[in-house]
Structure formats: C-alpha cells, structure tokens
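Encoded as structure tokens, here's the structure I'll be asking about.
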Amino acid sequence: WPPVEDRPCCERCTACTLMLPDEANTCVCGDIVPKCHQGCSLCERVDTPSGYQCKSFEYYNCGTKCP
C-alpha cells in the first residue's frame, strides 16, 4: 500500500475495510470536493456547488482536511 504521506486527504471517511495494520485499509471518502483526486476510479458529480465525490475504495489519510 502507498505511504501515508502520498495519500489524498479525506476529512470524513464513510466506509473502510477492516484490515490490520490501519495503513492497509482502503476507504470511501464522504467529502464533496471541486475535483476528484488523481487516482479516484469512480468520480461522481453530486448536486452541490462544489461538485464531486469519489465513490470508490481508495487509500486515504482519513481525518485530515485538505489545505
């Protein structure tokens, strides 16, 4: 799995796999963003001003707000 510092940030992970160690987990991010992060395999438009949500399980830094 990718090193933590190379992962996209996600303030609110809504679903995660249950693996050990924690770094091995992939999650679905509940954040609504202006543009999906690079590597998101399922990016969907949502009906809000800022626009998109990555709906696929990806490696994230959960609980971190993007700068």
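Positions of Cβ are set from backbone N, Cα and C atoms, glycine also.
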Could you tell me which of Cys29, Cys36, Cys40 is bonded to Cys10 by a disulfide, according to Swiss-Prot?
Cys29
Identify the disulfide partner of Cys62 as annotated in Swiss-Prot; candidates are Cys9, Cys13.
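It is Cys13, per the disulfide annotation in Swiss-Prot.
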Determine, on the basis of Swiss-Prot, the cysteine among Cys27, Cys40 paired with Cys54 in a disulphide.
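Between Cys54 and one of Cys27, Cys40, Swiss-Prot records a disulfide, namely with Cys40.
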Among Cys16, Cys43, which cysteine is annotated in Swiss-Prot as forming a disulphide with Cys27?
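According to the record, the bonded cysteine is Cys16.
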Using Cα-Cα distances with a 10 Å cut-off, which of the disulfide-bonded residues Cys9, Cys36, Cys40, Cys43, Cys66 are near Cys27 (disulfide bond)?
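Within 10 Å of Cys27 (disulfide bond): none of them.
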Report, in whole Å, the straight Cα-to-Cα distance of Cys29 (disulfide bond) from Cys40 (disulfide bond).
10
When you put Cys29 (disulfide bond) at the centre and draw a 10 Å sphere around its Cα, which of the disulfide-bonded residues Cys43, Cys54, Cys62, Cys66 have their Cα inside it?
Cys54, Cys62
What does DSSP say about Cys36 (disulfide bond): helix, strand or coil?
coil
Specify the nearest of the disulfide-bonded residues Cys36, Cys54, Cys62 to Cys9 (disulfide bond), where nearness means the distance between Cα atoms.
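The answer is Cys62.
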